[in-house]
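A short write-up of the structure that comes next.
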Amino acid sequence: MKKLFGTDGVRGVAGEFLTSEFSYKLGKYIADYFIGGEGKKVFIASDTRESKDMIKLSLAAAITSMGLDVYDLNVTSTPEASYIISKNDSLFGIVVSASHNPYEYNGIKVFNKDGYKLADEVEEAIETNMLNDKELKKPERFGNFITDEIDKTEYVSYLRTLMKDYSGLKIVCDMSNGANYVTAKEVLNASGAEMIYIHDEPNGRNINKNCGSTHLESLTETVKNNKADIGIAFDGDADRLLVVDNEGKIMDGDHILAALATYLKKHDKLKKNKLVATIMSNIGLKKYLDTIGVELDVTSVGDRYVLAELIKDELSLGGEQSGHIILKDYQNTGDGLLSAIFLINSMVELKKTAAELNGLMKTYPQVLLNAKVTNEIKNKVLEIESVKNAIDDLTKNNPDMRVVIRPSGTEPLLRVMLEGEDEDELKRLAKDLVDLIERETK
């Protein structure tokens with residue numbers, strides 16, 4: 001079982017877990033794994049956190065010491081980095097980001113030459129080599145750190161070709177003070193829409209702070225005050241999208257998937273009339289898809305597992321309730337800006353408001369609580385007899401209720417989700433279950 005890599009790379013508090021020493025050592029073992037593969041260039045990008053340079057330069061020092069040339073993409077979103085990596089004779093690439101987490105955190109996400117996040121077995125091999133201090137390959141030379149030879153305009157041009165004419169629309173965009181604060185403007189300012197941008201002045205410490213996809217209050221207020229047609233919000237590295245519709249209601253990843261499935265199906269671009277979501281998706285998504293003749297495949301939580309299923313079954317659309325949406329025919333990873341473009345295209349071509357698209361599926365009450373547990377025990381909680389019995393009793397006494405319990409891939413938490421008809425009852429039962437888990441794991 002992996003100890004360093006979670007569901008979205010390596011992540012932790014910068015300067016505590018994620019130190020320059022740790023980053024340097026990990027960088028050497030990442031390089032060691034890939035040396036000898038196809039491709040020559042290594043790309044490194046980051047979001048806007050103040051710890052980005054400490055980690056990025058430590059990684060770059062390690063990788064160049066192994067004889068590889070490193071190209072600095074500076075502040076670049078995860079999807080844009082993935083796109084660049086896939087187009088430029090890469091050996092591998094890295095994004096330094098902790099996604100939606102506060103600025104104190106940072107992370108290291110590794111991508112292969114095709115711009116895909118690494119498979120579990122590759123991450124496990126890298127960390128096993130590192131934890132066992134495996135002897136590293138001896139480089140024949142030292143590499144270069146290159147900062148001035150990268151053309152970053154292709155991604156912007158590509159997204160512009162996918163947009164319809166948004167003339168007459170008023171769009172609010174929350175940048176989360178994150179990695180997309182420049183690129184999104186370069187794309188959306190060419191759309192014809194009246195654009196309003198908020199949280200687009202990063203200072204190293206305000207990424208995701210009361211803004212972005214995890215804090216939609218200011219976006220909701222701005223949409224209402226400006227009578228906007230739609231509000232879109234990214235997270236810190238812009239690989240996810242959440243939306244506020246023209247009535248000020250939140251549109252999560254499930255509702256976005258419902259809208260995109262409808263749109264793609266109408267244009268015969270939903271391969272096999274099937275999409276992929278995770279065990280955390282609302283049952284309302286499946287019920288809606290049934291009405292339009294679309295099948296739902298369900299995976300474990302994590303966009304990497306959604307992507308793996310898309311690749312395996314040669315499908316075109318998948319995502320998570322959290323807003324990771326993968327349009328596989330257009331991008332190799334979750335892309336908040338691309339997803340926003342397709343959603344707004346749906347509004348334009350289906351001639352529906354954001355609220356009408358948001359209302360396609362009914363949301364059944366879901367209660368999601370976090371139980372605080374240590375990283376050492378979070379994968380073993382379901383083996384505790386009293387916890388197993390409590391879950392069995394819940395499902396036996398409430399046959400229409402769904403119970404999902406899973407460890408967080410990035411934090412010392414256990415996610416407890418209950419879904420059913422009565423929200424108040426769900427809250428009570430979920431709290432009882434969380435209390436039991438925390439008692440039994442002290």
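Positions of Cβ are set from backbone N, Cα and C atoms, glycine also.
Annotated domain 'Alpha-D-phosphohexomutase alpha/beta/alpha' per TrEMBL: 3-135, 154-248, 252-364, in sequence order. As annotated by TrEMBL, phosphoserine applies to Ser99. Annotation source TrEMBL lists active site, phosphoserine intermediate at Ser99. Annotated Mg(2+) binding site per TrEMBL: Ser99, Asp235, Asp237, Asp239, in sequence order. According to TrEMBL, the feature domain 'Alpha-D-phosphohexomutase C-terminal' maps to 368-435.
The stretches the domain 'Alpha-D-phosphohexomutase alpha/beta/alpha' (154-248) and the domain 'Alpha-D-phosphohexomutase C-terminal' (368-435) do not meet in space: the count of Cβ pairs below 8 angstroms, excluding pairs fewer than 6 apart in sequence, stays at fewer than three. With a 10 A radius on its CB, Asp237 (Mg(2+) binding site) counts 34 other CB atoms from all the protein chains. Cβ neighbour count for Ser99 (phosphoserine): 30 (other Cβ atoms within 10 Å of its Cβ, all protein chains included). Residue with the densest Cβ environment among the binding-site residues Asp235, Asp239: Asp239, by other Cβ atoms within 10 Å. Per-residue confidence over the domain 'Alpha-D-phosphohexomutase alpha/beta/alpha' (252-364) averages out at a pLDDT of 97.
Same-chain neighbours of the Mg(2+) site beyond Ser99, Asp235, Asp237, Asp239, judged by a C-beta within 8 angstroms of the site's C-beta center, are, in sequence order, Asp47, Ser77, Thr78, Ser97, His100, Gly178, Ala179, Phe234, Gly236, Ala238, Arg240, Gly334, Gly336. Per-class residue totals from DSSP over the domain 'Alpha-D-phosphohexomutase alpha/beta/alpha' (252-364), listed helix then strand then coil: 57 helix, 16 strand, 40 coil. Assigned with DSSP, the residues of the domain 'Alpha-D-phosphohexomutase alpha/beta/alpha' (154-248) fall into helix, strand and coil as follows: 27 helix, 20 strand, 48 coil. Applying DSSP to the domain 'Alpha-D-phosphohexomutase C-terminal' (368-435) sorts its residues as follows: 29 helix, 18 strand, 21 coil. Counting residues of the domain 'Alpha-D-phosphohexomutase alpha/beta/alpha' (3-135) by DSSP class, helix then strand then coil, yields 51 helix, 39 strand, 43 coil.
Separating the Cα atoms of Asp237 (Mg(2+) binding site) and Ser99 (phosphoserine) is a whole-number distance of 5 Å.
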